[in-house]
Amino acid sequence: MAFMKQRSKTMRNLEKYKGVIPAFYACYDKEGNISPEGVQGLTKYFVKKGVKGVYVNGSSGECIYQSVEDRKIVLENVMKVAEGKLTVIAHVACNNTKDSQELARHAEGLGVDAIAAIPPIYFHLPEYAIAQYWNAISAAAPNTDFVIYNIPQLAGVALTQNLFVEMRKNPNVIGVKNSSMPVQDIQMFKQAAGAEYIIFNGPDEQFMSGRVIGAEGAIGGTYGAMPELYLKLDECINAGKMTEARKIQYACNEIIYKMCSAHGNMYAVIKAILKINEGLELGAVREPLPALVDEDMEIVKEAAQMICDAKKKFL
């Protein structure tokens, strides 16, 4: 693909991506439709907590189970609150290129900082086809940064070094959200790309490991339940206080393990926790994600209390 616009790498503003970026949760009303009020309320919550930005319409946003119109409504309501206050990365990948491009154009029109995309799912495509898919999406938002989302355990395909080399020919590509489990992948991507690109840590349970080995930002699905803890963890890492950082990471992980022990989906647990701890009304999860059952409420309450206890201990 010939790139019509050649943006200078020296003009990139990577600083706005460095820090804690919670993945934004899907917000529904009682009928299961997108709740604009819920979206704006959650955005205000993140502004208040002081996080660096938000990652919208990704896995935590249940994007796989939402329509193109749903995802537009979510992003529009995020931007009503977040513009000028938070870095906004919009995940725009759909099961086909046309819809992905539509969301990319929409996101650029709203003024997001970056768009992101997983690779095509279901069919195992050759790397040149994956590159074509990503570049076609990027071309639909020619003035917007592009983040590659590497999550092989769910997408079924991994970002290889060869594919990463090919994608760096696109001047809009600024880095990788790396959610593969080996921390070594972060080191390899960072070492290959250098200072002109940013690598985001994906797995929340290894926030500390990812940051230490080279990730300068982090995007995670549990940050929203306990942003203060991850902000403190990031602060400790930046200050070289590794013993304290490790204690906070361990505490966060225990909370994650508790949240994952319910019958219902983890995001259903998190939404219930945010209702208890923060008074947020975000609704349930969209089927086929499993909803909470009555027996899960004890787990929800325990996890909510664990977050409160950890905040008292470490903040």
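The backbone N, Cα and C atoms fix where each Cβ goes, glycine too.
Copied over from Swiss-Prot:
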BINDING   Ser59, Ser60, Ser179, Gly202, Asp204, Glu205, Gly221  aceneuramate binding site
ACT_SITE  Tyr149  active site, proton donor
ACT_SITE  Lys177  active site, schiff-base intermediate with substrate
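Sequence features annotated in Swiss-Prot and their locations in the structure.
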{"residue": "Ser59", "record": "aceneuramate binding site", "DSSP (3 states)": "coil"}
{"residue": "Tyr149", "record": "active site, proton donor", "DSSP (3 states)": "strand"}
{"residue": "Lys177", "record": "active site, schiff-base intermediate with substrate", "DSSP (3 states)": "strand"}
{"residue": "Gly202", "record": "aceneuramate binding site", "DSSP (3 states)": "coil"}
{"residue": "Gly221", "record": "aceneuramate binding site", "DSSP (3 states)": "coil"}
What is the separation, in Å, between the Cα atoms of Gly221 (aceneuramate binding site) and the residue listed as 'active site, schiff-base intermediate with substrate'?
13
Rounded Cα separation (Å) that holds between Ser179 (aceneuramate binding site) and the residue listed as 'active site, proton donor':
8
Chain-internal residues, separated by at least six, CB under 8 A from Glu205 (aceneuramate binding site):
Gln249, Cys252, Asn253, Ile256
Would you please pick out, from the binding-site residues Ser59, Ser179, the one with the fewest other Cβ atoms within 10 Å of its Cβ?
Ser59
Nonlocal neighbours by CB distance (under 8 Å) for Asp204 (aceneuramate binding site), same chain, sequence gap 6 or more:
Gly220, Gly221, Thr222, Tyr223, Tyr230, Cys252, Ile256
Using a 10 Å radius around each Cβ and counting other Cβ atoms from all shown chains, which of the recorded positions Ser60, Tyr149, Lys177, Gly221 yields the largest count?
Lys177
Hey, for the aceneuramate site built from Ser59, Ser60, Ser179, Gly202, Asp204, Glu205, Gly221, who else sits with CB inside 8 A of the CB center?
Ala23, Pro203, Ile219, Gly220, Thr222
How far apart, in Å, are the two Cα atoms that lie farthest from each other among Ser59, Ser60, Ser179, Gly202, Asp204, Glu205, Gly221, the residues recorded as binding aceneuramate?
16
Take the C-alpha atoms of Ser60 (aceneuramate binding site) and the residue listed as 'active site, proton donor' and report the distance between them in angstrom, rounded.
14
What same-chain residues, at least 6 away in sequence, bring their CB to under 8 Å of the CB of Gly202 (aceneuramate binding site)?
Asn150, Ile151, Lys177, Asn178, Ser179, Ser180, Gly210, Ala218, Ile219, Gly220
Distance between the residue listed as 'active site, proton donor' and Ser59 (aceneuramate binding site) at the Cα atoms, whole Å?
11
